[in-house]
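Engineer: Found this in TrEMBL, in case it helps:
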type	residues	note
COMPBIAS	437-448	compositional bias 'Pro residues'
DOMAIN	17-427	domain 'Major facilitator superfamily (MFS) profile'
REGION	429-448	region 'Disordered'
TRANSMEM	57-78	transmembrane segment
TRANSMEM	90-111	transmembrane segment
TRANSMEM	117-142	transmembrane segment
TRANSMEM	163-181	transmembrane segment
TRANSMEM	193-212	transmembrane segment
TRANSMEM	243-266	transmembrane segment
TRANSMEM	278-297	transmembrane segment
TRANSMEM	309-326	transmembrane segment
TRANSMEM	332-355	transmembrane segment
TRANSMEM	367-390	transmembrane segment
TRANSMEM	402-422	transmembrane segment
C-alpha cells in the first residue's frame, strides 16, 4: 500500500528550489563547458605548444578528462556532507569551489610564460572543477525533486537538467564572440574572458542559492536522528545493483552529448571544413532547442511514465547513430545544423529529461545524495570523459573514418536500453511516497 505523502511547504518553495537548482547548475556547467570548448579550440596551442597538433589536441582533451577522474571523489566527499549535514550547505560549497577554480584558470600563465608549470597548474585547477561538479549535480537534483509535488517529480527533476544545455548556450555564446577576435588577440587575452565571466556569475548563483530552504525529506530524517553515518559505504555495500543501473542509464545520454557539445567542434573544423564560429553556432542552436524540449518531455513523462520516454530516446539513438554521422558532410551548413539539432532532441533530450529523477528514485533518503552523486560521477567518468579523446584517437588526421563514432554511440545506446529494462518501476521514493515495489537492494544505513 502506498502511503500518502505529507504536505509540502508549498508551490512557491518548490519553484524557488527548482529555480535555484537551474541557476546553480547553469553556472556550474557554464564553467565546465567553457573549458571543454577552449580545449577543442585553443588550449592545445597555449599549454601544449611543444608537440605536434594532433598530439597536442589529444593532450588537451586528456586534461578535459582529468575532471571526470575527480568527479567520483567529489561525489563521495560532497555526497557524504549532503547526506549528513544537508543539501543546501553542500551546494553552496560546490558552487564556491567551481567559481574559484574557473577564475584562476582565467588568470593562469601559459606555457610560453612558465613552461611545464602551466599545464600542471591547469590540470590542478581542472581537478578542482571536477570535485565541485561531482558534488553539484546530485545535490541540485535532490533540491528540486525533494521539494516537488509528488505528481510532478519528473518535471521538477528536469530543472537542474536544463542547466546543462543552458550553460552550453551561454558558454558557446561567449566563446563565439571571443572567437571572432584576431588569432593573436584570442591567444593572448581573449581566451581568458569566458573564464573570468564564469567567476563573476558565481556571485549571482550564491545569492539565489542562499535563499532556498533545506529539503523537507532531509529535515525529516535529521529530526528523527536517522541520518546515515557513512552513506557512501552504505551505497557501495547495500545498493550496488541500484548504483550499477544508475550508471548504465547514462551511457547513451553522455556519449551523445559529449560527441555533439565537445568533439563536434574539432570534427567540424578539421574534417568538415567548417569555420570555427560556424561550428560553435551549430552547437548553440542545437542546445537551445534541447533546452526547450527538456521540460516538455519531463512533463510528458509525469503523464505516461519516465521509463517509456527514456526507452524511446535510447532506441532512437541506436537507430540514428550511423545515419547521423553519415549525413555530416559539411556541404550544407543548414543541413548539418538540422541533423545535429534532431539528434540532440531525439537522442539526448528524451533521455536526459528524466534520467535525474530516475536515478534519485533508486536510493533511500538517508543515502540519496551519495547514491545520486556517485551514479552521475561514475557515469561521467566511464561514458563522458573518454568520448572526445577516443573520437580524436580513432579519427585523428584522416577525418573520413566516422564509423567508429557511430559504433561507439550505438553501443552506448544498447547499454542504456538494457539498463532501463532492468530499472524497477515505482511511483517514487521521493516526497514521502514509498515505492510500489521494493528496490533491488534496500539500503539499511548506519544511522548516527
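One-based numbering along the chain as shown.
Each residue, glycine too, has its Cβ placed from N, Cα and C.
Because TrEMBL annotations are produced automatically, they should be read as predictions rather than curated entries.
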Engineer: Under 8 angstroms, Cβ to Cβ: which one of 117-142, 243-266, 309-326, 332-355, 402-422 has the largest number of such pairs with the transmembrane segment (367-390)?
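Structural biologist: Between the candidates 117-142, 243-266, 309-326, 332-355, 402-422, the best contact partner of the transmembrane segment (367-390) is 243-266.
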Engineer: Using Cβ distances below 8 Å and needing 3 or more such pairs, separated by at least 6 in sequence, tell me whether the transmembrane segment (278-297) contacts the transmembrane segment (402-422).
Structural biologist: no
Engineer: May I ask which of the stretches 90-111, 117-142, 163-181, 309-326, 402-422 has the most CB pairs under 8 A with the transmembrane segment (243-266)?
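Structural biologist: Checked against 90-111, 117-142, 163-181, 309-326, 402-422; highest Cβ contact count belongs to 402-422.
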Engineer: Do at least three C-beta pairs under 8 angstroms join the transmembrane segment (117-142) to the transmembrane segment (90-111), pairs 6 or more apart in sequence?
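Structural biologist: In contact, yes.
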Engineer: Report, as numbers and ranges, which residues of the same chain sit near the transmembrane segment (90-111): CB under 8 Å and 6 or more residues beyond its ends.
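Structural biologist: Contacts with the transmembrane segment (90-111): 24, 27-28, 31-32, 34-35, 46-50, 74, 78, 81-82, 117-119, 121-122, 125-126, 128-129, 131-133, 135-136, 139-140, 143, 192-196, 198-199, 201-203, 205-206, 209-210, 369.
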